[in-house]
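Here's a structure for you.
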Amino acid sequence: MANLNKRPDWIKVKAPNSTEYYNTKDLIKNLRLNTVCEEAACPNIGECWSKKHTTVMILGSVCTRACRFCNVKTGRPDLLDPYEPQRLAEAVQKLNLKHVVITSVDRDDLEDGGASHFAECISEIRKSSPNTTIEILTPDFLRKEGAAEIIANAKPDVFNHNVETVPSLYKTIRPGARYYNSLSLLHNIKKLSPEIFTKSGMMVGLGEEINEVVQVIDDLREAKVDFLTIGQYLQPTKNHAEVAKYVTPEEFKYLERLAKTKGFLMVSASPLTRSSYHADEDFQKLKENYQQKLVS
């Protein structure tokens, strides 16, 4: 039986130590911004920050949910910071980002789940960095009427919301969420603003069956999702859900090939694939694939 306490060689990454990494770290600290890279203990932080790529986390650093896979703090959330959109726009400008990814904690305590704060962040970035493309990775806005409309009207270039896992594992892995609500949110954004690219992702290695993964792939395509990401679940701490399996690179290649036959504009599936990993390069490919589809 495989030792799941020891990560296989294909999971290992180099420790961050580049000058660019520390410059990015200092700028984020000085502007008092949170990043999901740090809060969620992302394995790709060294590579991304060395390239000045970062995923900023808005709406505070404390989440109102307690998902079993996530390393972000849970509890009573922070007060909303009205100056955060301006600081975020300043960071985007100083880092000279061509593409920025904005995510957030869940804010079930807010009337719109934080949708209007996302919209304000988009607006501020557009003012100071009009050529920067904007990708947002949002919570599910469960029971937040009108949130999807606020997001769609803000016109991000990419709307990302992750289904995270298969429906049968929601009760144990993502207890505060509803699978079909997530699908509905993705579909609604596409219906409200067809020009917005939609994106969703899931983790594998939590105990799901292959037929369940295939069903999620089909469900996401039916919801008109353009871009699918699939990555290996890694246990952040001993208090989180255990890894049930380390999916091999060959198995990821199979899932990627399968998903590509379903009609997605883009699919990324590998052990270290994460929602925001290589997001800037992937956005360019996404646009190219869309243009090719139009002329084919």
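Note that Cβ sites are derived from N, Cα and C of the backbone, with glycine treated the same way.
From Swiss-Prot, here are the annotated features:
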- Cys37, Cys42, Cys48, Ser276: [4Fe-4S] cluster 1 binding site (BINDING)
- Cys63, Cys67, Cys70: [4Fe-4S] cluster 2 binding site (BINDING)
- 49-265: domain 'Radical SAM core' (DOMAIN)
What are the non-local neighbours of Cys67 ([4Fe-4S] cluster 2 binding site), defined as same-chain residues 6+ apart in sequence with CB under 8 A from its CB?
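Listed in sequence order, they are Glu164, Ile173, Arg174, Pro175, Gly176, Ala177.
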Write down the Cα-Cα distance for Ser276 ([4Fe-4S] cluster 1 binding site) and Cys63 ([4Fe-4S] cluster 2 binding site), rounded and given in Å.
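About 19 Å separate the Cα atoms of these two residues.
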In Å, rounded, how far does the Cα of Ser276 ([4Fe-4S] cluster 1 binding site) sit from the Cα of Cys70 ([4Fe-4S] cluster 2 binding site)?
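Their Cα atoms are separated by 15 Å.
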DSSP secondary structure for Cys63 ([4Fe-4S] cluster 2 binding site), reduced to helix/strand/coil, please.
strand
With DSSP assignments reduced to helix, strand and coil, which class does Cys70 ([4Fe-4S] cluster 2 binding site) get?
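Coil, per DSSP.
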Other than Cys63, Cys67, Cys70, which residues of the same chain sit close to [4Fe-4S] cluster 2? List them in sequence order, counting a residue when its Cβ is within 8 Å of the Cβ centroid of the site.
Arg65, Ala66, Phe69, Asn71, Val72, Thr74, Val105, Asp106
